[in-house]
């Protein structure tokens, strides 16, 4: 009947036996890092075969971009293997453990530290300029002080709202926290059942909440690598976030499946989501709906902040053709290629210079993201983050349900994070 | 001499025949079992995948950590709640359906048999979509039906009290067909004349059920109870697709917690949790054998 966990166990166990590196029992003291990369990338065109793994839509569309690269580098062939997102982590873990790896790989920004922990990724050569990218995006490549990849595309969270309801209520797009509360109340007065929808439970609740914590001036970790979750900013942000549910401005328990339909029906005034939601809304409600909703940055408090996600391109430590691989990465993250890729996939460029191109700058639905991205931030690149995030999800849910005061929640967050640790040696 | 040579040859031939199975069993069963046992006693994490021997033995620390973890305790409580309610419910409904199908409705028997068995073979993904629609708070079928008789139905899957009962009903619906088919086969194996004899002795249908059907069905019931119990203790798919273990951990199960810990890379801890679950399954099965064994 319910066999999945055992299958996972069995699969992992057999992976282990395949990967038997007989080094004897007990942990060795020296870390197994091999610092061979980070020299540079040779000049001249790339040669040989470059194996690339990409996930989901990117995996399907990347061959189109690879053709351009092959045209510029006649001696090189790019083989793209699409990998489904759901099975990507296991597949990559197995590949790294056995050494049967591609040359280049797409890595979700939050997954970097896990693969670096396995010593699977090569350090980024100095030839790639960190300043070309949004700082939040570059940060996702850096694990324990070293960069192991290059930002490829980004996404960020913004506020979607019904322009017709806002007009009827006479409210302007919110700039501050107080504005947002008033804004949600206004949309509700104009006929929406709920002024705003914020995630209340389940996976990624913390990702929706954390921008508010950052806006209040909070930091997840300090420069010394210690967790700093128990502070006034946390209490303030939790208080603010849960106030929407408590005051009846947001559903006390959000059912994700209903969100888009309620928004289209005018029963929901606004919600926080990423760039993909636009396509969702237009497929559900038809292209005419584009005139009925607007997109604005999240409000700011002490500072401006949103969450930055997306994917990086990484070269594997055991890549067979590392030089050509880095050339491909360099090509894919070139400002002009990034604009082409936006045309192919609608993925937002990670390179700041690409945003000056009219294809992005003149599109109002896209241009709003530029400012958001300059201050958007990611969660810490530590191997244990997924576990800590899961704990935060559960604690935030309890605050919203009223089972936990923001003060106690902040303490619990700090305790949970410190007991799990960073996973970095 | 000749005898022992022949015996040796027979022995070699026998091993030759057994070899394909033995190799498959060793590679796909023994090695994973041994590896997971090894993991349970070490501090292995996801990042040790490349050098699985370079880890420290930690004795029973993982087991102690699991048992002291409030999330694991809550998951264990939830799993017991689920098994305690869903298993008797499933068996009772399966038995009731089997008796009804066996006693009448002969023409429709195969129709009903297919009908009740269909959920067993249907993909959980499809089932989840349909059930989410049914349990939808605002316009779902269940709450609409309750609305007709003036009851304001709860938010089934997101209410701390109602989420588990919702999953219990769903799991029962999914699994009742399996036990029903087995019990139906068992019922058809009970000779008619036993019923006739008891009827002559003056037993009504209720008396017949308790004094003839149930005792003669014991071995079949035991089989169904053990299989259902093992499946239910590993309660995973329903919370995974319907509630993600929420709300507030109310539908988090032991198997789901193991799955999560594996996902976080805590291989040692999750392997230890798996063995705790394994021991619980052994205990439950033992109790069922004691309770339902045929009296000599």
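The count begins at 1 with the first shown residue.
Each residue, glycine too, has its Cβ placed from N, Cα and C.
The transmembrane segment annotation in TrEMBL covers B:12-41 (among others). The list of residues near the transmembrane segment (B:12-41) in space but at least 6 beyond its ends in sequence, with Cβ under 8 angstroms from a Cβ of it, reads 52, 57-60, 62-63, 267-268, 271-272, 274-275.
Positions annotated as domain 'ABC transmembrane type-1' by TrEMBL: B:76-288.
Here the transmembrane segment (B:80-102) has Cβ contacts under 8 Å with residues 109, 112-113, 116, 164-165, 167-168, 171-172, 175-180, 183-184, 186-188, 209, 213, 217, 221, 224-225, 228-229, 232-233, 235, 253, 284 of the same chain, all six or more residues outside its ends. According to TrEMBL, the transmembrane segment annotation covers B:80-102 (among others).
Look at TrEMBL and you will find B:114-134 (among others) tagged as transmembrane segment. Long-range Cβ contacts of the transmembrane segment (B:114-134) within its own chain (Cβ-Cβ under 8 Å, at least 6 residues beyond either end) map to 97, 140-142, 157, 170, 173-178, 180-181, 237-238, 241-242.
Taking Cβ pairs closer than 8 Å, the transmembrane segment (B:162-185) reaches residues 78, 81-82, 85-86, 89-91, 93-95, 97-98, 101-102, 113, 116-120, 122, 124, 127, 131, 135, 154-156, 217, 220-221, 223-224, 227-228, 231-232, 235, 238-239, 242-243, 246-247, 250-251 in its own chain, all 6 or more past its ends. According to TrEMBL, the transmembrane segment annotation covers B:162-185 (among others).
The transmembrane segment annotation in TrEMBL covers B:216-235 (among others).
Residues or ranges marked as transmembrane segment in TrEMBL: B:267-287 (among others).
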